[in-house]
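Features of the protein shown, as given by Swiss-Prot:
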type: ACT_SITE; residues: S226; note: active site, acyl-ester intermediate
type: ACT_SITE; residues: E353; note: active site, charge relay system
type: ACT_SITE; residues: H466; note: active site, charge relay system
type: BINDING; residues: G144, G145; note: substrate binding site
type: DISULFID; residues: C93-C120; note: disulfide bond
type: DISULFID; residues: C280-C291; note: disulfide bond
type: DISULFID; residues: C428-C547; note: disulfide bond
type: CARBOHYD; residues: N85; note: N-linked glycosylation site
type: CARBOHYD; residues: N134; note: N-linked glycosylation site
type: CARBOHYD; residues: N269; note: N-linked glycosylation site
type: CARBOHYD; residues: N284; note: N-linked glycosylation site
type: CARBOHYD; residues: N369; note: N-linked glycosylation site
type: CARBOHYD; residues: N483; note: N-linked glycosylation site
type: CARBOHYD; residues: N509; note: N-linked glycosylation site
type: CARBOHYD; residues: N513; note: N-linked glycosylation site
type: CARBOHYD; residues: N514; note: N-linked glycosylation site
type: MOD_RES; residues: S226; note: phosphoserine
type: SIGNAL; residues: 1-28; note: signal peptide
Amino acid sequence: MQSKGTIISIQFLLRFLLLWVLIGKSHTEEDIIITTKNGKVRGMNLPVLDGTVTAFLGIPYAQPPLGRLRFKKPQFLTKWSDIWNATKYANSCYQNADQSFPGFPGSEMWNPNTDLSEDCLYLNVWIPTPKPKNATVMIWIYGGGFQTGTSSLPVYDGKFLARVERVIVVSMNYRVGALGFLALPGNPEVPGNMGLFDQQLALQWVQKNIAAFGGNPKSVTLFGESAGAGSVSLHLLSPRSQPLFTRAILQSGSSNAPWAVMSLDEAKNRTLTLAKFIGCSKENDTEIIKCLRNKDPQEILLNELLVVPSDTLLSVNFGPVVDGDFLTDMPDTLLQLGQFKKTQILVGVNKDEGTAFLVYGAPGFSKDNDSIITRKEFQEGLKIYFPGVSEFGREAILFYYVDLLDDQRAEKYREALDDVLGDYNIICPALEFTTKFSELGNNAFFYYFEHRSSQLPWPEWMGVMHGYEIEFVFGLPLERRVNYTRAEEILSRSIMNYWANFAKYGNPNGTQNNSTRWPAFRSTDQKYLTLNAESPKVYTKLRAQQCRFWTLFFPKVLEMTGNIDEAEREWRAGFYRWNNYMMDWKNQFNDYTSKKESCAGL
């Protein structure tokens, strides 16, 4: 039989436990419902590893760009009175899905996984628990060539990064393709760069609201991959964006890459071409815009694919443009003038940046075989990827990447075309961008990612592909059910720590003394760190010879031989005319001679 004292103790304990549950419940609800400048939002707690992360998915940050707002800059939101239920991802922005390899995980993983809609301007926030105070914020911008992409892909899930590094992770949707980048420069109804202005408005939202989530608006790092990295570097160049963030991470992309920004004339020509295809050729811009706004978005999607010739690969149909507003000049010019945000940057590339593009139409390439191509197929590939380059220019590439090496291996042409595309489009522009930054005394860090994921569904010959460092940045190998190796989990934790340290302190080494310290990148020695499942190593001057070819030699070849094809055509036409004249003269002379001989016999 229990004593009276024991009963009292049990009652006290039960009351204490009840009070603890109630307080805990109240505290949890307080953390899950946050008051933003536009109204309250409700998130949800997610179990992550041995703890919890609170996720807010699908928070609106702009008015839906529908009807008369199509093609315009994003508009500020009005307030709402109810609690916004931010517990599932929102719509993805309209885009053409990749249908090249139906059902294949390697391509399907990048396709949108939520409904497509023009009502797509939403963002996501992951915060560690308990809710932090003044935590560093990392804002992710997805890639996709400015034509595709969505923040809801599993590979962009911010929960592991938030949990392990106790940072706040934010991602946003932005408009892509013609709906995001159609441009009639100078016309406020279709200014161009709408997708970039979407991103910029999301950055403003973070500045106004992130403190309510426990974040520090004065410690905000942008990070992105491919066109997302191109976007990040454009924010570094844009005076309007510069006050909205602190640091920047560029993964396999930069704004000075040949695909990143197009000229005003090219942007307008593509707009008028799309208008023609879609039946909106009108007498003036006002009528064109009115017609385009009345078209079904699916019709716009189908026709925007036709704007660039189908035999041209690695092209951006609609992308960033120098509008005099978001972007005041071409990135190369702004870099030369030093007109960019003075801050710290972390930049890097993957070992085999080119292979991801080869299986989408390069002659002789396939994901289903070893793609051992011939010299002729290599030359045909150069024609496709360098459509405006003279034959002399293409021969210079062939000589430098193949003939000069005297490589006798069967795979030499395959590997050479991978290197050509990777160096020209990704690696050398990224190195040039980093060099220009560091020359003005800004701290820069460069990495070379060389680990091929054990879960990669693409064939072995494609190597360490474009885009496949992202899963390690976001901590996917920490999910035990996915069967990554232990070494890959360690690599992922290391990369997350480097990224978070950089975001917090401007230095990936953080405040700890690691066994291998990541040195700053200087224009003189160009030190960089390898990231792999073994041990990181420091080297200097990544692909320096190849990048000198692209930055110094190749432009001179184009300058000297750019008109040779045209000159040759003119010469051939002239020769043909001369040859015809000569044949005509010869016929007339023969006729004259025969008549003369006839006359002589009379």
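Placed from the backbone N, Cα and C atoms, the Cβ positions cover glycine too.
Quick caveat, the model's predicted, so the values are computed rather than measured.
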Between N284 (N-linked glycosylation site) and H466 (active site, charge relay system), what C-alpha distance do you get in Å? 42
Rounding to whole Å, the Cα atoms of G144 (substrate binding site) and N85 (N-linked glycosylation site) are apart by 28
Can you see whether DSSP assigns C93 (disulfide bond) to helix, strand or coil? strand
May I ask which residues of the same chain, at least 6 positions away in sequence, place their Cβ under 8 angstroms from the Cβ of N483 (N-linked glycosylation site)? S454, Q455
With every protein chain in view, how many other Cβ atoms are within 10 Å of the Cβ of S226 (active site, acyl-ester intermediate)? 27
Among the recorded positions listed here (G145, S226, E353, H466), which has the Cα closest to the Cα of C93 (disulfide bond)? G145
Can you tell which of the recorded positions N134, S226, C280, E353 lies nearest to N369 (N-linked glycosylation site) in space, using Cα positions? E353
Around the Cβ of G145 (substrate binding site), other Cβ atoms within 10 Å, all chains included, total 21
Going by C-alpha positions, which of the recorded positions (G145, S226, E353, H466) is nearest N269 (N-linked glycosylation site)? G145
